Structure formats: structure tokens, C-alpha cells
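Pulled from TrEMBL:
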type: TRANSMEM; residues: 53-74; note: transmembrane segment
type: TRANSMEM; residues: 80-102; note: transmembrane segment
type: DOMAIN; residues: 91-396; note: domain 'TRC8-like N-terminal'
type: TRANSMEM; residues: 114-133; note: transmembrane segment
type: TRANSMEM; residues: 139-161; note: transmembrane segment
type: TRANSMEM; residues: 173-191; note: transmembrane segment
type: TRANSMEM; residues: 197-215; note: transmembrane segment
type: TRANSMEM; residues: 249-267; note: transmembrane segment
type: TRANSMEM; residues: 287-304; note: transmembrane segment
type: TRANSMEM; residues: 310-336; note: transmembrane segment
type: TRANSMEM; residues: 348-368; note: transmembrane segment
type: TRANSMEM; residues: 374-396; note: transmembrane segment
Amino acid sequence: MAAKEKLEAILNVALRVPSIMLLDVLYRWDVSSFFQQIQRSSLHNNPLFQYKYLALNMHYVGYILSVVLLTLPRQHLVQLYLYFLTALLLYTAAFSGQLVVCTLCSCVMKTKQIWLFSAHMLPLLARLCLVPLETIVIINKFAMIFTGLEVLYFLGSNLLVPYNLAKSAYRELVQVVEVYGLLALGMSLWNQLVVPVLFMVFWLVLFALQIYSYFSTRDQPASRERLLFLFLTSIAECCSTPYSLLGLVFTVSFVALGVLTLCKFYLQGYRAFMNDPAMNRGMTEGVTLLILAVQTGLIELQVVHRAFLLSIILFIVVASILQSMLEIADPIVLALGASRDKSLWKHFRAVSLCLFLLVFPAYMAYMICQFFHMDFWLLIIISSSILTSLQVGVLVL
């Protein structure tokens, strides 16, 4: 049962990632520049591109569809993807095995009436039966009309499904708000949509695609400096919209949570989770990144400027993580000294972590001073790292 619940949770996240990617694409799409490109191309005389307000309306319709896909219940979302898969199989029927496509469509739609998806096979069967070419043309038109009527029947029979879903959702929302209030409704939607994991997966997909597109167009291996610049530039490319910025925020939160969990596990082993189940959730670092990004107008900058600004913001975030690690290690090291425990392994873990927290913040401050000119504001930024090293030194002494 636990494995089934985990699979459903993974499926719930995976099926909603495309909706956020569509929102991100719609945010990046500039309708005015798109129409300027159309006017310079051969599609200028196409009736679909004659009126700009039609594209604007389609732009808003895309936003509505994305929000609907994001908020649909999992059962309806799975059913919708099955419909898309069936349509895709029918579209590729001319390029794959005809009978295999019909069988797959019937399996996906959970019906034994394979003939419903076999209309496109009529011209092929007619050709095998040596039917004259003039008759095959008529049979082909009949197959197209029959398939079109099937699609129209399906759309007509499900025409009221969006209305019924919206009506049911509105009724449930009103009931929840009347009984529990808006805050409980927001928390319920937050948990059902698994918002942090959803945005983190979305951002990791964007980041992986960015890294892949870079290495797929480069033949020579990158140097160490270029790898660092590539890392910052890829992150900058993946936070150019509000949706990707939220994805970066939640990714940083999960990374901070993982680092702090490993720190406590390294010091205490499995006892860390028994003594303190409510650990730092890493939200401090994520909120810090979000506030700094909003205050500095991160998403409005050019990629190069955004990369340099991100280096400073990430430096502050890493300094916050190191400070949280020190807060975890401080009571454990003091308790270890007071208990006079003679376990060499425990002392080694405590001393090695303290040595890391002593050296690494100072190294970070040295590295950022190599990239930027030292001034008053940079001194304020690196002061947190220097303070962490000083606190660790006092703790060890």
C-alpha cells in the first residue's frame, strides 16, 4: 500500500509539471514580436494570423487551460492524458502498424470495440482487395468523414464535462470555506497539488535541459572557470520568469533541508531523527532567496547581469546554510565535551565538521573577493561568513 501511495504521489507531480512549463512558455511569449515575425514570413497571408486580437485571446485561453490542468483532480487528469495519448496514436497511424494502433487505442480507452478506431484501415484493406483507385478515393473520404464524426460525437458527449467539473469544484470550495475558512482551503490545495515538489521538479527539468543544450553544442571540454560560469549562467537562464524563480526557491529550500539533515545525521547518526523530528525545513534559505530576487528585480535583468547577481544571492544563501549548520553543531559539540565521552569516532565527526565550518566560510569570502571589487557593501555581505568562522573558532577553543 505504501508503494502504491508513493507511485500515486509521483504520478500526481509528474502529470502537473507540463502545466507549469506551459505557463512558463506563455509568460516568455511576446505576441507583438511574434506578429512582426509573421509579417516578415510567408504566413502573412494566412487568415489565422490576420488579426492580432485572436492571438491575444488564444494567449489567455492558454493561461486558462494551464491553470485547469494544474488544478484538475488526479483521476480526471489521468483520463485527460489518456485522451491525448489516444489522439496521438491515431495521428501517428499512418506511420506505424495500423492494427497495433487500433489495439493500443482500444486498450487506452478501455473498450473492446476495436472497429471504432479502424476507419483509417479501410483504404488499406481496399487496396489489398484490388479495388480500383477511383473507388479507393471514395473509401478514403468515407474513412475521413467517419473518423471526423467519431471525434465530433466524442466532443459532443463530453461537452458538459468542464461545466460539471467547474460546478462540482465550486460547490466543494464553498462548503470548505464555510466550514473551515480560506486558510484551510489554501493549505488543502497546497498539500493536494504538492506545490513545493511540483515546482522543484519543474525547475530541475529546465536546468537539465539547459545543461544538455549547452554540452550538445560544444565539442571541447570546459575549464574549471567556464564550468562555474556555465553553472551560474544556466541557473540565470532558468529563473527568467516568476514560475521558474519559484522553482529555484523551492529547489534551494530542499537542498538546504538535505544539507542540514546530513549535517545532523553526520553528528548524531539515527538518534538525530528520534530526538528532533521537527527539523529545520530549509524555508529560511528559500525565503531569503525570494526576497533578495524580488528586491533586486532579478528576472528583469539580462542573463549575464542576472548570473553575477545570482552569485551574490547564492553566496548569502550558502552563508545562511553554514550558520544553520553551526547552530546544529554548537549544542552537540558542547554536550560532547561536557559528557567526557571517550568515543574517538564521535570526537572525529565533531572536530571534522567544526574544521569544515572554520575553513569553508573563509574560503568562500576569499573567492567572492576575487570576482568583485572590495567595497563597503561587499564587506557587509562577506561579514556573515567571517562571523561564522570566528564563532566556530571560539567554539573549538
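Here the Cβ of each residue, glycine as well, is placed from N, Cα and C on the backbone.
The recorded stretches the transmembrane segment (249-267) and the transmembrane segment (287-304) share 3+ CB pairs below 8 A when only pairs 6 or more apart in sequence are counted, and are therefore in contact.
Under the criterion of 3 or more C-beta pairs below 8 Å, with sequence separation of 6 or more, the transmembrane segment (310-336) and the transmembrane segment (53-74) do not qualify as touching, having fewer than 3 such pairs. Taken together, the residues of the domain 'TRC8-like N-terminal' (91-396) have an average pLDDT of 81.
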